[in-house]
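Have a look at the structure below, then the notes.
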């Protein structure tokens with residue numbers, strides 16, 4: 001009887017010690033994580049040089065293309081209309097959006113360490129998502145502008161003035177940068193394990209959540225809700241706008257007007273479809289149990305689509 005009581009006591013003490021050591025180890029890990037390692041693309045050196053050449057070439061061409069659009073709208077008085085002002089603003093936004101991820105990705109391809117600091121990771125996380133959110137709002141405003149121009153041409157000059165266009169753009173930027181601070185803050189306050197390797201080329205919420213030392217299903221649900229509300233609300237708005245546009249065009253008897261309108265909208269619709277399709281695959285579907293490689297390459301598709309999107313528009 002005494003032996004049994006002693007054994008139970010030893011078991012309880014051992015369990016308490018194990019729990020204490022685990023908590024201590026968890027605390028040490030979470031406090032020592034000051035950097036992350038972005039694994040990127042684990043290919044041979046030759047393939048990484050090829051990827052660096054392709055991505056850097058596309059990045060430079062995109063910067064040149066967006067700056068040409070901005071300069072053309074700035075210098076040509078005939079292009080200083082709401083539609084082209086929105087396009088120039090979107091091009092300016094796109095420059096910063098791709099710059100938030102692509103230069104660091106190119107540096108990591110050539111780097112042996114592939115290290116990013118803890119604060120740098122979450123800063124990239126914030127700017128990448130805030131700029132992407134602002135882009136979705138801008139796409140909605142651009143769809144609304146095309147709806148007014150095609151379906152309400154007589155009301156267009158009074159509704160879509162340059163001053164109102166600027167106010168709408170400012171509102172898009174403010175809402176975009178105020179949308180994601182809460183989930184980013186919540187993730188940054190959770191304890192991270194000592195294994196700080198992110199199987200991605202950017203600081204993405206899915207791989208970051210997988211590095212947590214504690215289960216955080218609530219955080220993942222909050223992120224999924226934030227992403228779903230943003231993506232589906234703007235997507236429904238854009239789809240509704242273009243549905244009304246297509247319905248108005250089908251009423252026009254002239255085949256020439258059909259071709260003109262559809263050629264104007266087709267590239268924008270294709271870019272929006274690819275943009276939102278990749279967004280939903282990466283940021284709406286829960287990350288738990290998802291293949292890291294699939295998420296990584298769909299993110300590449302999303303970034304490449306974002307790089308080429310202004311040229312399509």
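A Cβ is built for glycine as well, from the same backbone N, Cα and C atoms used for every other residue.
Since the structure is predicted, the reported quantities are computational estimates derived from the model, not experimental observations.
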- [ ] Scan 251-268, 269-286 against TrEMBL and say which stretch is down as transmembrane segment.
- [x] 269-286
Task: From 10-29, 230-249, the residue range that TrEMBL assigns the feature transmembrane segment - done: 230-249
Open item on the list: Between 45-64, 145-164, I'd like to know which one TrEMBL lists as transmembrane segment.
Closed with: 45-64
Open item on the list: I'd like to know if the transmembrane segment (123-144) touches the transmembrane segment (230-249) in this structure, counting it as a touch only when three or more C-beta pairs sit under 8 Å and are separated by 6 or more positions.
Closed with: yes
